[in-house]
Amino acid sequence: MEIGIVWLIRAAWIAGILPLLLALLPFSRLSWYRRTILEFAKRGKILQSSSKKFTVPQKFFCHFYVWAVIWTALLLGTTWMYAYVSTPLISEPFNFPAITSQLTGGSSLFSWQKSHSSGRERRFLVWKAVFLLLLMEVQVLRRLYETIYTFNYSPSARMHFFGYLTGLFFYTAAPLSLCSNCIPEVYHFAANGIAQFIVKGKGQMLDVEVSLLDAVIPLANLGWRQWIGAALFFWGWIHQFRCHQILASLRVPGEQGEEYKIPHGDWFEIVSSPHYLSEIVIYGGLVVASGGEDLTIWLIFGFVVVNLALAAAETHRCFSVNLSG
């Protein structure tokens, strides 16, 4: 079941990456295909000269992040509780009587060591998923805050309905991908808990005392790659927040004009779409924090890179045309 879920998620990411990757190829014969893909991806000022059919208001971006906050929090809370109850990541002392008995069994000692190592690896995998989901929750909470309090979307700003569906897909699949390797057991843990609650009632449920310290310490016991990845994540996180504030400041509340203004400050001094670059850095941080060994998380990163590379190229082209015009 686990392998089936993982490969289903991977297939979904590959299905999303390949059309975008094809649109990035610099072949003239693919120009019609590139225009079609870009039409789906256009939004905001880029969409002003295009047809408004099959579009929704750009302020619907808020829907992505409301859903992402709820969905990621659900996965995070359930995975964290499963990790705390079933897979505590602690330094287990050696059991010398057990080792002595294993020594008399010859090669069975190696079997015990393999099982012990496998158990620790599994616990590490689950707590790493908690760590990645925690970073994702930090990201989507900030994006929700920005859509409500930072951005002032123009009433005429639209986005294609296909782009709207793509956003909903991304913020459903990305958090799920971060814990895909342990989601079957987390699902069974949650389902069993709900079933026991329905059958036995709250009074008959086994009380679980939650210690905040014990629930957080295992995260500190993760490896150096997790903390380097977190540092990279927050580097991009901070710069994206700053760039979004700069972009939001270009439009005065109540202003109806759609003229192009040149943003200045932060990473705008080195690239034309630093908010896209910082998003790539953020998801690159998740790849590093995952240990770089999970193909599913690499596919999330691949989707982010090709999607934002296409959007950045079109934004730069339209921006240059409007300024020169």
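Each residue's number is its place along the chain shown, starting with 1.
Backbone N, Cα and C atoms are what each Cβ position is placed from, and that goes for glycine too.
Worth saying up front: this structure is predicted, and the values here are computed from it rather than measured.
Annotated domain '3-oxo-5-alpha-steroid 4-dehydrogenase C-terminal' per TrEMBL: 224-318, in sequence order.
According to TrEMBL, the transmembrane segment annotation covers 6-25 (among others).
Per TrEMBL, the feature transmembrane segment maps to 60-82 (among others).
Annotation source TrEMBL lists transmembrane segment at 94-112 (among others).
What TrEMBL records for 124-141 (among others) is transmembrane segment. Under 8 Å from some Cβ of the transmembrane segment (124-141) lie the Cβ atoms of residues 65, 68-69, 72-73, 75-76, 79-80, 82-83, 87, 89, 171, 174-175, 178-179, 181-182, 186, 218-219, 221-222, 226, 230, 233, 237, 282, 285-286, 289-291, 297, all in the same chain and six or more residues away from its ends.
The transmembrane segment annotation in TrEMBL covers 161-179 (among others).
Counting same-chain residues at least six beyond the ends of the transmembrane segment (60-82), those with a Cβ under 8 angstroms from any Cβ of the stretch are 126, 129-130, 133-134, 136-137, 140-141, 143-144, 147-148, 151, 153, 159, 164, 167-168, 170-172, 175-176, 178-179, 182-183, 185-186, 189-190, 215.
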